[in-house]
Amino acid sequence: MTSTIVNVALNRPLFKEFAYVINKEISDSHIGCRVKVNFANSTMIGVITKVGVKNNSSIKLKEATLIDEQSFITDDVIKMLEFGSNYYQYPLGQCFNVALPKLLREGGAFSYEKIPALQLCCNIDGEILKKIKSDDQKRILDLLKTGPIQRKELRERGFLSSTENALIKKKLVEIINIEKKENEAFSTENILKETPPQANTEQLSAIYTVQKNSDFKVFLINGITGSGKTEVYLRIIEDVLKKGKSVLVLVPEISLTPQTFDRFYRRFNVPVSSVHSALSDRERLDSYIDMATGNSGILIGTRTAVFTPIKNLGLIVIDEEHDSSFKQNDTFRYHARTLAIMRAKINNCPVILGSATPSLETLFNCYKGLYSRIDLKYRAGGASYPDFELIDLTKEPVTEGLNKGLSQTLEDRIGEETAKGDQVLLFLNRRGYAHHLVCHLCGHVFTCPNCDNILTVHKTNHRLQCHICDTIFTAPEKCPVCENTQLFEQGFGTEQVNDYLKDRYPDVGIERIDRDSVTTKNQLEIRLNRVRDGKSLIMLGTQMLAKGHDFPNVTMVAMLDIDSSLFCDDFRAMENTAQLLTQVAGRAGRGTKKGKVIIQTHHIDNELINDLINPQCSYIDIANKLLETRKKLSLPPYSYQAFILCNSSIRNKAFNFLSNLSDKIKTFKDNYSNLVITPVMSDKMEKIQNRFHFHILVTCTDRNELRKFLTQVRNTVEEQTVPNDIRFAIEVDPIAMY
Ligand code: ADP
Ligand code: ZN
């Protein structure tokens, strides 16, 4: 019998693959197939990375059982993972583990099961429609006219299952199971379901510039919010689909709103698949099969979507490319933008990065001539850009409102806007009721016993919560140190502002949107619908509100507390603040009414704030200034960084481990040029969930030198036995400081 020796990547923290024998003649086309093997007395699923020479002799190798007859992991994904493993210093087998959907990781079959959908079960005539009051029910009936729709799609388009169930109860629709087959290529005829709007001159030029090019090239579409970037993507995507190729669209989780989904579902006749946190494991696998077999033309998803094999990949779009959610902060610490660009290079297809506030890294790459920048300077659809106004908090009277985040002037403004029936959006990036609780007598501040973190006061169900480890404590009655019962809440959060607003504006409808008040997509939809229907005029929220949503009647946006983000020791703080403020401001005046943006501050002379409100100063101007500073200080993107990270439940153990490593590093570090390493330091938050965190920061002006150096560090660690309870990691291109 012929057999083949293969190399298998396993989910183990080891930088090597393992040789096994397969009792069958297989070829290179089996690279990427899953196998079942025995490793250290347990059964594991691995992926074939190399197919060796035929082997008739009896080398004592263990046998591997082939799970897949054909590899569904495409070549470009394998190459991208190999690159990623090398670049991020993370074992290839573990990279595969992150890249595969759970069901495949566990050995499940690469095949569809039945897919639940809704279809009409009678003719919907005017008589029936007259009897239906709910707009959503009518919309569903209307959508179903063209055929069955997957329940997953209806959910993504913002419909509640209760709305669907009501229609089922009325016997107007029924649940069916769609039976999909693999490899049913989508049709390239009649790609469009609706006629797109006439593109404006700027858009046309952007579309043309990208379309001219079907080879690898990175484009940055730098367009202000509302300039029609998404419309540009849609037009370019249409062109790619017509050629029978598929498209990967990466977006931050937070922008995967029904509005985003709707634009894709509404525009194209081509099946659209998705990857996001609200999918079940089964649904994720279905999307994976859709793309790998070419059934769907478009995959919209969050960062992990970058690992999905896509038949005939023709374009990658990364919307909001500056967004930090593209970076994974544990296990395989990759940046989806970096991997996506590498994937496009392997595939020889274009990549579009889109943002109103591009990252400094991306801008720098444009200046270096590596990426081409396309600017969209005007709002599409005629909306004008909002005016900015500062409220100098030092001049405001100390009112009850001021203590809860709202100056007198701002309160007046909110009153004026809402009296006109216009809507306002208040932005505060701090959830909870109060920032912390302090004892009036001895000054004791309540902190988390598990973390070096102050506890946030939450009033609903009377509790204190750690926003790092999420542990909840019942609110204390007295100080544990001096037993005094006078405890003060200091610093306001969204919950407190919300309570105050309710007292102050009892009849305008207020929607608080943050992680505590909104825990499901449905709850978010219900709130946003009340805003869209004009039932609520004030929206108060965190990050959740900053992106992705389009509120045509919001005429005023206010930043309640920008000051707390100005003074931060992370060198990226200014960049992040500029991005956040520009994004939040972009929510104002999206419709026909002119918008304004109000910023409350105690630091009226702050340079960044003044640049941000200056109509002559664009985000790019600000970014250029920040780049200048980075250059002077030789900070990224003018240098490259990596963290060597370690933590343990025993403080000394973590510190000693890293100190020893640091000593070893010193013996070879001089072999690398332009490399600077810090001593072993505590993380900003040393204790997190009862584990103690230390790090060494490495900075190097040469990317290759850094990579080689890190490989030697990793090898050094591999040569020793890492004591138990030590967690060690290398993080390349960090986007936050430890
Ligand atoms: P961005 O992605 O840059 O925020 P969008 O593509 O969402 O911008 O466009 C903003 C708004 O303008 C949307 O409501 C969109 O439908 C509309 N729009 C975009 N392009 C055009 C156009 N050429 N003509 C008319 N309306 C447009
Ligand atoms: Zn904690």
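Quick reminder: no glycine exception, Cβ is built from N, Cα and C everywhere.
What TrEMBL lists as domain 'Helicase ATP-binding' is 210-376. What TrEMBL lists as Zn(2+) 1 binding site is Cys439, Cys442, Cys479, Cys482. If you look up TrEMBL, you'll see Cys448, Cys451, Cys466, Cys469 marked as Zn(2+) 2 binding site. According to TrEMBL, the domain 'Helicase C-terminal' annotation covers 450-628.
Feature map: TrEMBL annotations on the structure.
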residue: Cys439; record: Zn(2+) 1 binding site; contacts (Cβ under 8 Å, 6+ apart): Val445, Cys479, Val481, Cys482, Asn484, Gln486, Leu487, Phe488
residue: Cys442; record: Zn(2+) 1 binding site; contacts (Cβ under 8 Å, 6+ apart): Cys479, Val481, Cys482, Asn484
residue: Cys448; record: Zn(2+) 2 binding site; contacts (Cβ under 8 Å, 6+ apart): Ile454, Leu455, Cys466, Ile468, Cys469, Thr471
residue: Cys451; record: Zn(2+) 2 binding site; contacts (Cβ under 8 Å, 6+ apart): Cys466, Ile468, Cys469, Met685, Lys687, Ile688, Gln689, Asn690
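Not one of the binding-site residues listed as Cys439, Cys442, Cys479, Cys482 brings a Cβ under 6 Å of any atom of ligand 2. Minimal Cβ crowding within 10 Å, among the binding-site residues Cys466, Cys469, is found at Cys469. For the domain 'Helicase C-terminal' (450-628), the mean pLDDT of the prediction comes to 90. Counting other Cβ atoms within 10 Å of each Cβ, the binding-site residues Cys479, Cys482 show the lowest value at Cys482. A strand conformation is recorded for Cys439 (Zn(2+) 1 binding site) in the three-state DSSP classification. Close to the recorded Zn(2+) 2 site, the chain also has Pro449, Asn450, Asn453, Leu455, His467, Ile468, Asp470, Thr471, Ile688, Gln689: residues not among Cys448, Cys451, Cys466, Cys469 whose Cβ is within 8 Å of the site's Cβ mean position. According to its DSSP assignment, Cys466 (Zn(2+) 2 binding site) is coil. Cβ proximity to the Zn(2+) 1 site centre (mean Cβ of Cys439, Cys442, Cys479, Cys482, cutoff 8 Å) flags the following additional same-chain residues: His440, Leu441, Gly443, His444, Lys478, Pro480, Val481, Glu483, Asn484.
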